[in-house]
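Q: The structure is given below, and queries will be raised subsequently.
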Ligand SMILES: Nc1ncnc2c1ncn2[C@@H]1O[C@H](COP(=O)(O)OP(=O)(O)OP(=O)(O)O)[C@@H](O)[C@H]1O
């Protein structure tokens, strides 16, 4: 680590301590100086006591007693006070870091957040933050304490006998060289260790979230093995770290032993030749012992600080990632707006066809934007998760106001991707997205999301009560409003049968409820949000007949008087949709009403036949 890099990292460490820096340093320096001065003062006590022992001078004894009292006072009053002061600042700063990190993770763009395993983020919030706390409370304190002790002892040594002072400096240089060598190695292993801890948390979180599957498929050995591998990696690196520290300690001990031996021999020769008082030698030995432990401690502190700095780097990595923009994301590349929409043709086309523009080629004007009646429009949208692998290709789609538009098509065709783009999770690569006739990027992102209620396939419930989970739709809703939403969503029946009703804890991710019950809570939540546009990733395919019926009833209530874009996996649920759009390979293959599409005998008719050949009982005739 170069001095420049060290300075930069120290500045970063301190930037996270910013609002508490003044009191942190007052407490830290106060505590370190008090503790350093205790060791130095005690060397004087040794000096006076030895002089008293040799000369019988009572004044020397009194001096020693005064110093011991002063030391005791410092130890029992100033040191704890300063210690409380800086530790309080550390706790406050660490709480700030945790909140800052959490706030940043929540605001990360979906694209960025998706790149991290949740276990990795948890590890950064726990292990790395803990490592950072160690830097503030233990390692920096240790460095300040040991440096003050060294400087204080050196000045006194120089005054007592400059030759011993020089010896201390040489010892310092040798120790610094050895410890810098070990610190470099330690930094490398620390970075590795933090990375492996992260991987272990990832494996553990996979194991715990998929416990059911692990048990059912007998994956305990396989998935558990992955956890064990990660844990063994941690052990291996920790043992390597321990070996480095052991070697470092050994080198420091050898230096300490040689120096102390040298001081004792040289000092005793000087005392025997009456060139030095025994008291002075006692004090020099005491100071030299202190200096030797300085290097031992300083070496360990600098080495362990590498662990914290590796944690800091991982925390900064997250804090430096870009947050979600305030505005709805615009397309990365505008591209030539070749197929621009004239409002009247669009309105007519949307009304007549139930949403699909076809191949209208006109120019866009401001007037056009004002007049466009559709709730949502995707115009020439191209998008890919990976560059050069488009998931959607020049897609044109209109969700007409007040109508139900259904997206159907084979798995992987890009249906959910359309919803993700509409919710502003990703910017399209090319094309134009409009919301109620205006370019989506003209809206603040939150405003667009406020217009929409999204009910995903897998309802996300949070640990808390049933009421809490419904109230996420509108945090200010009263109990009566929550209950009314539950009733409309066909959820009040089962909620009434739960042991604590609306106050029942749903468990982690709603584990205490059935799939259908979780869905109906999500529907009640969307009802409470009362957004004009509904995005529905239909989930009834995973439910049994009874749950499906109830969830469908809830959904029907939710869709009343709302613009709806629904992804349908079971064609029976969207037969009455105003427009059905068939999406395959990221392209709109065909669109129309159920009857029109059946009559056309294209993709939809094929899908329909395929589905009802498998499930003839679903055919509505
Ligand atoms: N986060 C992602 N990163 C990379 N590729 C993705 C991601 N999400 C989806 N894909 C890919 O994009 C394509 C379209 O996926 P999408 O989820 O939109 O399909 P879908 O039509 O909704 O499928 P299904 O009916 O099975 O839900 C698929 O090939 C999928 O593998």
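Don't overthink the numbers, they just go from 1 along the chain as shown.
Using N, Cα and C of the backbone, Cβ positions are placed for all residues, glycine too.
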Q: Between 112-129, 166-183, 184-201, I'd like to know which one TrEMBL lists as transmembrane segment.
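A: Based on what TrEMBL states, transmembrane segment spans 166-183.
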Q: With TrEMBL as the source, identify the stretch among 143-160, 215-232 annotated transmembrane segment.
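A: Checked against TrEMBL: transmembrane segment maps to 143-160.
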Q: Pick from 61-82, 83-104: which range does TrEMBL record as transmembrane segment?
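A: Of 61-82, 83-104, TrEMBL gives transmembrane segment for 61-82.
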Q: Should the transmembrane segment (143-160) and the transmembrane segment (61-82) be scored as in contact, given a threshold of at least 3 Cβ pairs under 8 Å and pairs 6 or more apart?
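A: Result for the transmembrane segment (143-160) with the transmembrane segment (61-82) is no.
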Q: Ranking 23-49, 61-82, 250-271 by the number of C-beta pairs under 8 Å to the transmembrane segment (166-183), which range is first?
A: 250-271
Q: What is the average pLDDT across the domain 'ABC transporter' (376-610)?
A: 85
